[in-house]
Amino acid sequence: MNGSNTAASSATFPELSAEKQTELTALASITLTISYIGVLSNILTLRVTWSTNLGKAGVSLLIFHFVAINLMECLVTLPTAIFIMLAKRDGRFIPDLACPYFTTFYMINVSVVNWSDAGLALNRFIALYFPHRYKAFTSGAVNTAVIVGRWLISVGVSSLFGLSVGVRVSSCRPSVSAA
């Protein structure tokens with residue numbers, strides 16, 4: 001091999017022992033199975049949440065958003081990460097240029113899920129400790145601002161780190177130890 005193709009692609013996946021191959025396959029299988037179960041449960045939860053009046057309760061829109069983001073994580077983000085890992089293991093070509101973009105998408109999704117979880121916790125805190133002001137904090141405008149704010153923070157921070165750091169340190173490089 002003259003190395004002409006190696007400059008355009010990520011580092012090759014390390015050779016793994018049969019035991020490590022089995023562990024990697026088990027990891028991928030379990031992760032995809034849990035992801036599939038997550039997709040089903042999130043779809044059912046979305047159905048229940050959607051059937052309720054989203055404007056009736058202050059928390060309904062926040063819960064709907066949280067479940068929708070979790071659905072995206074289970075349906076797209078986690079399976080894509082597993083398939084990239086398996087493709088690298090099998091020696092498939094994945095250009096280095098694609099890795100920072102996938103990393104950024106992954107970071108945005110995880111960040112929005114975390115901020116949504118924090119927002120729901122804050123909503124419950126306000127409901128418990130400031131019940132007389134709860135309606136003011138859960139109006140449609142406030143809920144929309146909270147959701148948009150989560151996305152702005154997540155996209156801003158994740159894009160900064162995912163694209164700038166990801167260009168220098170490719171996320172598609174192997175992270176599985178052969179030892």
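Any Cβ shown, glycine's included, is placed from N, Cα and C.
Taken from TrEMBL, the feature transmembrane segment applies to 26-50 (among others).
Among the features that TrEMBL reports, domain 'G-protein coupled receptors family 1 profile' is placed at 41-179. Mean pLDDT, taken over the domain 'G-protein coupled receptors family 1 profile' (41-179), works out to 83 on the 0 to 100 scale.
Within the chain carrying the transmembrane segment (62-86), a Cβ under 8 angstroms from the stretch's Cβ atoms is held by residues 24, 28, 31-32, 35-36, 38-39, 42-43, 45-46, 49-50, 54, 94, 102, 105-106, 109-110, 112-113, 116-117, 119-120, 123, 143, 146-147, 172, 176, all 6 or more beyond its ends. The transmembrane segment annotation in TrEMBL covers 62-86 (among others).
The annotation transmembrane segment is assigned in TrEMBL to 98-116 (among others).
Per TrEMBL, the feature transmembrane segment maps to 136-163 (among others). Same-chain residues lying 6+ beyond the ends of the transmembrane segment (136-163) with a Cβ under 8 Å from its Cβ atoms: 55, 58-59, 61-62, 65, 100-101, 103-108, 111-112, 115-116, 119, 123, 126, 130.
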(request) Tally the residues of the domain 'G-protein coupled receptors family 1 profile' (41-179) by DSSP class, grouping H, G and I as helix, E and B as strand, and everything else as coil. (result) 109 helix, 1 strand, 29 coil
